[in-house]
Amino acid sequence: MTALVHTRNDLAAGLAGAPGRVAVVMTMGALHEGHRQLMREARAQADFVVVTVFVNPLQFGPNEDFDKYPRTLAADVEACTAEDVDLVFAPDRDEMYPGGTPSVTLNAGPMGEILEGASRPGHFSGMLTVVAKLLLLTGADLAFFGEKDFQQLSLIKRMVRDLEIRTEIVGVPTVREADGLALSSRNRFLSAEQRQAALALSHALREGALQNDPQRVLEAATKILGDEPGVHVDYLALTDPLLGPAPAGGPARLLVAAKVGATRLIDNVPVHLGEAG
Ligand SMILES: Nc1ncnc2c1ncn2[C@@H]1O[C@H](COP(=O)(O)OP(=O)(O)OP(=O)(O)O)[C@@H](O)[C@H]1O
Ligand SMILES: CC(C)(CO)[C@@H](O)C(=O)[O-]
Ligand code: BAL
């Protein structure tokens with residue numbers, strides 16, 4: 001039976017009876033199969049699974065979609081129940097930030113300034129601040145995050161290392177629709193026509209990943225994105241697996257962010273580059 005709690009006291013009470021290893025899956029709600037995959041991984045690896053549902057105002061810029069972000073708590077609790085989650089923690093803003101906007105927040109460092117961080121100033125500071133708070137409030141042994149938000153996952157791994165946080169961070173591969181579109185809560189904002197255009201993102205990444213030379217990877221992906229007038233690219237980047245400069249050979253990551261209508265989508269894939277020379 002999945003319990004729903006809204007306060008830190010009720011969360012602590014629910015956790016007090018938790019047997020063995022505790023896992024947390026943090027979400028902003030509007031749960032889909034991607035989130036459910038994180039829950040299944042958590043269920044498989046831990047004895048007690050907590051899902052948090054909180055649309056964190058700190059990680060949204062003034063012109064972003066905080067107000068219109070979908071809020072579907074009743075359906076979210078049903079999804080958690082179907083995945084045998086033990087506890088859902090859905091605090092409101094005052095519960096999460098009792099003193100109002102916190103004056104002490106986390107600095108995401110140089111990795112927080114590039115890609116998503118360049119387009120969304122302050123986003124990663126707000127994200128890391130709430131993730132750290134939720135790790136402390138849940139005391140989780142394990143925390144599961146999707147590779148769809150690859151830079152977020154990388155920064156959270158970096159944060160637990162740099163701040164000596166003992167939670168093990170587990171990355172989960174991106175869940176996609178049959179036609180390749182990465183599942184995202186924001187997909188619901190797409191019209192049928194925009195959804196069709198949005199396929200260019202995963203298509204471009206897939207084609208790029210078939211190439212083994214950095215320049216060809218970017219050319220192949222750029223061509224597909226350029227052929228779709230409904231997609232406005234924010235960035236397309238080839239990096240090393242830690243988001244540093246692309247290597248000449250070996251593992252790399254290809255990342256894209258684009259607007260389709262008013263909806264901003266992100267996606268990424270692993271790439272294996274052939275050895276140089
Ligand atoms: N398609 C997916 N596959 C795997 N994990 C995912 C997927 N989509 C989201 N997640 C993960 O779920 C967690 C919660 O993400 P979030 O609630 O922001 O959902 P979202 O679908 O990414 O929403 P949005 O893209 O609109 O912000 C994050 O760790 C995120 O990486
Ligand atoms: C990790 C997270 C729940 C923090 O608000 C959010 O950034 C998300 O949903 O990916
Ligand atoms: N899925 C990452 C959270 C955000 O877009 O704010």
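Heads up, the Cβ atoms here are built off N, Cα and C, so glycines get one too.
Per TrEMBL, the features are as follows:
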- His35: active site, proton donor (ACT_SITE)
- 28-35, 146-149, Val175, 183-186: ATP binding site (BINDING)
- Gln59, Gln152: (R)-pantoate binding site (BINDING)
- Gln59: beta-alanine binding site (BINDING)
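There are 18 other Cβ atoms within 10 Å of the Cβ belonging to Val175 (ATP binding site). Cβ neighbour count for Ser185 (ATP binding site): 18 (other Cβ atoms within 10 Å of its Cβ, all protein chains included).
Using CA atoms as reference points, the recorded positions His35, Gln59, Gln152 were checked against Val175 (ATP binding site), and the closest is His35. Taking a Cβ cut-off of under 6 Å from any atom of ligand 2, none of the recorded positions Leu31, His35, Glu147, Val175, Ser185 qualifies.
Checking the recorded positions His35, Gln59, Ser185 for a CB within less than 6 Å of any atom of ligand 1 leaves His35, Ser185, listed in sequence order.
Around the Cβ of Gln152 ((R)-pantoate binding site), 22 further Cβ atoms fall within 10 Å across all displayed protein chains. Screening the recorded positions Gly34, His35, Gln59, Ser185 for a C-beta under 6 A from any atom of ligand 3 leaves Gln59. Ranking the recorded positions His35, Gln59, Gln152 by Cα distance from Ser185 (ATP binding site) puts His35 first.
Under a cutoff of 8 A between CB atoms, and with a sequence separation of 6+ in the same chain, the neighbours of His35 (active site, proton donor) are Val25, Thr27, Val51, Ala79, Gly146.
Glu147 (ATP binding site) sits 18 Å from Gln59 ((R)-pantoate binding site), taking the C-alpha atoms as the reference points.
In this structure, the binding-site residues under consideration are Met28, Leu31, and the one with the smallest number of other Cβ atoms within 10 Å of its Cβ is Met28. Checking each of the binding-site residues Met28, Leu31, Gly34 against Gln59 ((R)-pantoate binding site) by C-alpha distance, the shortest gap belongs to Met28. The Cβ of Gly34 (ATP binding site) lies under 8 Å from the Cβ of Gly146, Lys148, Thr174, Val175, Ala182, Leu183, Ser184, each of which sits 6+ residues away along the same chain.
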